[in-house]
C-alpha cells in the first residue's frame, strides 16, 4: 500500500508529489543535518525548509550518542519527518553495508519501523570526496537484495546511473560539483543526460550553493534536490532554507508548465494594428 508523507502545515501548492519506493512526499527539497553552528539553528532551518526528508550520517550520530552528546536524532520530531540515514564516512562497499544495517536499526528505534531507506555513500577519496563507482555499485546490489530502498550518491556518470537503476535502486543522486564546495552546476550536460535517460527519480546532491542553482536543475527535470552546506553555512541559515524551498518549488512548476519557445526575432506583446496614429 502506498503511504503519503507530508507535513500538516505544508502549503497546498499545485505540485505533483515525489514517490520513492512506496512512500509519497510533498516536498522535493531534502536537507542534511551537518555543519550547523548549533542544534537550535539546525532545527529551525529544517523547519523553514519545509522538507519531508532529512538525511543523517549514521556514523556521526552514533559517535555523538556514544559520547553522551545531544544530536539531531534526539532533537527532531520524527513523527513529522522521514529520516534518510546515510553511510557518510565509509570508504569501502563492505563498510557501507555494515553502516546501512546499523542505520536501519536506529530508524526503527525512532519509531519508523517501515523505513528501509538508505543514502549510500562510498567515498575513499578524502580530498575531493568523489564517490567510488565500483564500490557504490557493489554495495547497492547487495543492499537492494536485502530489501533496502537504496539512494546512491554518485558522480555525474550517465552509464553508472543507468546500471544502478537496472539493479533496482530507488533513485540516483548525482553530484552537481564536489560535496560541500558550493561550486554550483559544473556537470550540467551529464546531469541532463542522466535526467533524460532515467526511469527513477534523479535527486541532485552536492555542490549546490544558491537557490538559483537549485531552481535550474529542477527546471531541467530533476525530481528533487538535497542541500546541506549551502543552508548550514549561510550567515542566516533559516532564511536560506526558506529560499531553497521556494526555489525548488519554482523550478518544479517551471518544468511542469513548460518553457516558451525561443524565437530568433522580437515579437511584440502589444498589438500594432487597429490603433489610430
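The count begins at 1 with the first shown residue.
Glycine is treated like the rest: Cβ placed from N, Cα and C.
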Listed alongside 206, 207, 228, 229 for 1-deoxy-D-xylulose 5-phosphate in Swiss-Prot, from 180, 221, 251, is 180
What's the most sparsely packed of the binding-site residues 180, 207, counting other C-beta atoms within 10 A?
-> 180
Within 10 Å of the Cβ of residue 206 (1-deoxy-D-xylulose 5-phosphate binding site), how many other Cβ atoms can be counted across all chains shown?
-> 28
Neighbour tally for residue 228 (1-deoxy-D-xylulose 5-phosphate binding site), based on other Cβ positions within 10 Å of its Cβ = 20
Secondary-structure category, per DSSP, in which residue 207 (1-deoxy-D-xylulose 5-phosphate binding site) falls = coil
Students should find that the Cα atoms of residue 229 (1-deoxy-D-xylulose 5-phosphate binding site) and residue 119 (active site, schiff-base intermediate with DXP) sit apart, in Å rounded to an integer, by 17
Going by C-alpha distance, which of the binding-site residues 180, 207, 228 is nearest to residue 119 (active site, schiff-base intermediate with DXP)?
-> 228
